[in-house]
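This report concerns only the one structure given below.
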Amino acid sequence: MENQNRQNAAQCPFHGSVTNQSSNRTTNKDWWPNQLNLSILHQHDRKTNPHDEEFNYAEEFQKLDYWALKEDLRKLMTESQDWWPADYGHYGPLFIRMAWHSAGTYRIGDGRGGASTGTQRFAPLNSWPDNANLDKARRLLWPIKKKYGNKISWADLFILAGNVAIESMGGKTIGFGGGRVDVWHPEEDVYWGSEKEWLASERYSGDRELENPLAAVQMGLIYVNPEGPDGKPDPKAAARDIRETFRRMGMNDEETVALIAGGHTFGKAHGAGPATHVGPEPEAAPIEAQGLGWISSYGKGKGSDTITSGIEGAWTPTPTQWDTSYFDMLFGYDWWLTKSPAGAWQWMAVDPDEKDLAPDAEDPSKKVPTMMMTTDLALRFDPEYEKIARRFHQNPEEFAEAFARAWFKLTHRDMGPKTRYLGPEVPKEDFIWQDPIPEVDYELTEAEIEEIKAKILNSGLTVSELVKTAWASASTFRNSDKRGGANGARIRLAPQKDWEVNEPERLAKVLSVYEDIQRELPKKVSIADLIVLGGSAAVEKAARDAGFDVKVPFFPGRGDATQEQTDVESFAVLEPFADGFRNYQKQEYSVPPEELLVDKAQLLGLTAPEMTVLVGGLRVLGANYRDLPHGVFTDRIGVLTNDFFVNLLDMNYEWVPTDSGIYEIRDRKTGEVRWTATRVDLIFGSNSILRSYAEFYAQDDNQEKFVRDFINAWVKVMNADRFDLVKKARESVTA
């Protein structure tokens with residue numbers, strides 16, 4: 001009987017959900033591995049967020065005793081804990097590494113990664129090999145997070161702790177902007193690479209060409225391999241990797257040298273013994289480890305016995321003090337190649353002076369040799385890096401300033417415009433990488449708005465042209481790093497005015513009309529506002545023509561950026577290589593068009609229903625690239641109807657692929673070709689989830705619902721970058 005009970009307990013008949021990824025139960029993904037992943041459009045659902053719905057982090061941050069928090073962080077730096085003692089009695093280097101690695105995942109290609117959501121707390125980042133033992137840094141911060149609670153997010157705390165660490169060791173910073181809002185589960189939309197093993201590097205092709213949009217050289221690394229490319233200790237080859245990786249983070253050579261040299265002025269690397277002594281990472285650790293990973297059995301498992309990267313030693317003889325000793329060591333000695341006690345490649349100074357030895361991490365009376373990584377020597381043996389490094393060596397104040405500016409850029413690059421920054425230490429200076437936009441000095445009444453809309457509709461521009469231009473302007477927005485969008489009207493400027501997807505000749509014609517209207521108005525109104533207002537007016541007209549008298553909400557206040565305020569190279573990465581909303585694709589890619597559509601929708605911050613209603617509406621409004629007929633399932637182009645969905649789902653038609661990759665929609669009885677379509681169009685009838693939305697909007701009783709949902713989604717995209725509206729609303733509440 002006892003055995004029978006034990007057997008019944010083991011079977012657990014009431015446990016009907018799949019709660020473990022390693023469960024032997026088969027999931028939909030197992031059956032259909034190529035199934036379109038729509039979950040990334042809903043990854044931050046309210047259900048995962050423990051805050052009340054009315055919680056506003058920016059409002060809570062305003063209640064923060066900011067200077068008291070900084071003082072608590074400063075004290076923490078030298079309050080060494082027995083469970084994880086501070087090297088040299090100072091946690092500063094550990095917190096700099098934590099902040100750096102939080103921000104350093106950012107890449108300009110798609111704006112994903114970075115510090116703005118605090119995802120270092122979650123898999124995979126919390127368990128990346130390059131983040132080994134940063135779990136200890138986060139645990140050291142917990143008493144402070146517990147004390148200040150909702151007034152400081154983890155994401156902000158990580159970066160502020162890095163700032164305080166630098167300042168507490170004599171380094172310079174130029175400020176801090178709060179406003180990073182925590183997420184509550186991993187970000188599944190970020191593509192970190194296709195490798196299935198840590199430190200694998202299957203992301204290269206040809207002449208070491210790194211796969212887009214990746215920036216790191218290997219799975220599980222933040223930047224580059226410190227031992228050299230694929231672990232080969234070649235400083236010149238390492239320089240090539242460094243340059244490409246930092247470029248993909250938006251950093252130039254000077255910023256790169258400043259960051260590497262400045263960061264390695266502090267602290268040490270840890271490789272006291274063989275890696276076989278190190279336990280599993282946090283996500284693989286046993287439950288009793290309580291989220292701590294990399295528990296080591298080597299010696300004490302901490303302090304001087306710590307194993308992290310496998311490289312062992314400090315870079316400088318003064319590892320808790322800002323100075324130029326990094327360059328003193330780099331250029332003052334020849335270096336010989338050896339292996340650390342953990343077996344990692346590193347370089348040691350030839351015959352170092354006693355004054356250039358570093359203190360032991362635990363015993364300051366004991367002196368130990370310093371070291372350099374292969375990536376450090378790249379700053380000496382790459383000609384361009386060497387010029388910059390020697391200049392910094394000879395000009396300490398310039399070096400300190402360059403590091404402070406590069407550090408601020410590193411830790412704030414993914415926060416978007418300056419209007420999002422919070423706190424008393426926000427720099428007054430505008431930086432070009434913040435994509436600055438002049439503030440507007442006008443307001444518009446409802447009557448004035450209606451008058452301008454009438455002028456636009458009577459200008460000779462079509463509904464299609466007005467909608468296309470507004471979409472082209474606004475849809476550059478990336479919710480990942482809060483860049484792009486309609487504010488600034490950079491669609492008038494290089495490089496956006498020349499992008500293929502924007503149909504430059506037609507765009508120039510539309511912009512010329514808007515400029516004429518602007519000149520005729522009795523008060524100054526930005527082109528940015530006119531573009532969005534024109535799109536809104538067109539949508540209203542299209543809805544009226546469909547029988548629905550509706551208003552499209554419009555909020556003026558956009559400014560017009562200048563070419564001088566626009567970094568052409570930086571903005572080039574925002575060019576869409578595919579935009580399924582316009583049925584545009586620059587060329588054939590290995591990724592199916594429907595996946596590119598979902599990726600675009602995710603970057604715009606759209607849900608699956610919003611993506612669906614926008615595609616259906618934009619097709620009938622004639623918003624396709626170069627007026628291509630694909631997916632325009634209507635005889636009433638320019639009228640906001642649900643025809644796209646009605647005809648997509650009509651079983652009187654069949655869908656037939658052609659050799660050109662386009663699909664023909666044929667009458668089942670006559671064989672007549674009625675319409676043509678792309679995979680982006682057909683996915684709304686093929687994918688069962690998207691089909692359910694298509695059926696919803698095709699219903700006879702949902703025609704008005706379709707119009708209203710389209711308008712809501714349209715306004716969401718038009719205002720996606722209007723952080724000033726959020727700020728004004730917040731200020732009106734707190735006034």
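Note: Cβ is positioned from N, Cα and C throughout, glycine not excepted.
According to Swiss-Prot, the compositional bias 'Polar residues' annotation covers 1-10 (among others).
Among the features that Swiss-Prot reports, region 'Disordered' is placed at 1-30.
For 17-26 (among others), the entry in Swiss-Prot reads compositional bias 'Polar residues'.
There are 24 other CB atoms within 10 A of the CB of Arg97 (site 'Transition state stabilizer'), with all protein chains counted. If you look up Swiss-Prot, you'll see Arg97 marked as site 'Transition state stabilizer', on the strength of sequence analysis.
Per Swiss-Prot, active site, proton acceptor is recorded for His101. Within its own chain, His101 (active site, proton acceptor) has Gln120, Asp130, Asn131, Leu134, Ile222 as residues 6 or more apart in sequence whose C-beta sits under 8 angstroms from its own.
In the three-state DSSP reading, His264 (heme b binding site) counts as coil. The heme b binding site feature in Swiss-Prot is assigned to His264; the stated evidence is sequence analysis.
Reported as a whole number, the C-alpha separation between Arg97 (site 'Transition state stabilizer') and His264 (heme b binding site) equals 10 Å. Long-range Cβ contacts of His264 (heme b binding site) within its own chain (separation 6+, distance under 8 Å): Trp315, Thr316, Tyr326, Asp376.
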